[in-house]
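Below is one structure, written out as structure tokens, with a few remarks after it.
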Amino acid sequence: MAPGLQRLTESGLSMVDWHLVKEMKPPRTQQEWEAEFQKYQQFPEFKILNHDMTLPEFKFIWYMEYSHRMWGRVVGLAYILPAAYFWRRGWLSRPLKGRVLALCGLVCFQGLLGWYMVKSGLEEKPDSYDIPRVSQYRLAAHLGSALVLYSASLWTGLSLLLPQHKLPETKQLLRLRQYAHGTTALIFLTALSGAFVAGLDAGLVYNSFPKMGERWIPDDLLAFSPMLRNIFENPTTVQFDHRILGIASVTAVTALYLFSRKIPLPRRTRMAVTSLLAVACVQVGLGISTLLLYVPTPLAATHQSGSLALLSMALWLMNELRRVPK
């Protein structure tokens, strides 16, 4: 959820260039800090939004972005170095080798996509009166890539570590498996829609629940033309869609839980279903609280983390219900 945290702290545009090795050493002297600050002052965020920023304030946002980039490098090494070691020792099966290569490739792609996203916020836009920010489309792509990487990693780990259940292939089990797949897809889509909420600051446009202001459907829901633009560029529509997806997700999880009660399931699978429902309820509570309290950073960051926890529970349940290969 780090891309969302950079948006919450408005620190993602503080480092205005990208070097794989060179930027690992932060500025140390006053002269180096002033040079770094002068580079930042050449770009739209400082000129339009932060023109009265002091050097100590710049250091804070710079270190927020620096820690994000360094964490990305640590994650990359955590994938690539063990993969190379296990490969060399012959501990990977042929199917697992393909999966490991794909995961390592996705890690590298994620880093490149992150810089591509940041570049969109550094560009001069003379015809725009909006505050400088990264493209919500590129932010969603960066978050989506991270979610795919995380989901594939978690699925691989669960498949290797947890012994598979030999469940009887009944019609009810088949239906439960289908429901679990559909619910997981809905949770993924809801988490992805959060990137558009963060990218457009859409959490700040209507801070009431369940209504949006005085209405169930706000007047400016379809204010942009053509109509399709509203889904991705109108903050009101983006928040409305995120609400609907969130409500649909918790409803689907509740229905999945109730349906699962009719089917005899192993203890661990039952635990996965119950955990999914519990995390879904907490996540809804976090989302509503974040909205009503005008998006305080700690609560918003917890809500973002909650979406990852909810996706994790859904993937765990899917893994529990997977078919035993013949």
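Just so you know, glycine gets a Cβ as well, placed from its N, Cα and C.
If you check TrEMBL, you get these features:
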type     : residues : note
TRANSMEM : 70-88    : transmembrane segment
TRANSMEM : 100-118  : transmembrane segment
TRANSMEM : 138-162  : transmembrane segment
TRANSMEM : 183-206  : transmembrane segment
TRANSMEM : 242-259  : transmembrane segment
TRANSMEM : 271-295  : transmembrane segment
TRANSMEM : 301-318  : transmembrane segment
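Beyond the transmembrane segment (242-259), the same-chain residues lying 6 or more positions past its ends with a Cβ under 8 Å from any Cβ of the stretch are 175-176, 179-180, 182-183, 186-187, 189-190, 193-194, 196-197, 202, 209, 212, 273-274, 276-277, 280-281, 283-284, 287, 310, 314. If you look at the transmembrane segment (138-162), the same-chain residues 6 or more away from its ends with a CB under 8 A from one of its CBs are 2-4, 7, 96, 99, 102-103, 106-107, 109-110, 113-114, 116-117, 120, 188, 191-192, 194-196, 198-199, 268, 308, 311-312, 315-316, 318-320, 322. Below 8 angstroms of C-beta separation, residues 1, 4-5, 8, 147, 150-151, 154-155, 158, 177, 180-181, 183-184, 187-188, 190-191, 194, 198, 249, 253, 269, 272-273, 275-276, 279-280, 282-283, 286-287, 289-290 of the same chain, each at least six residues beyond the ends of the transmembrane segment (301-318), sit close to that stretch.
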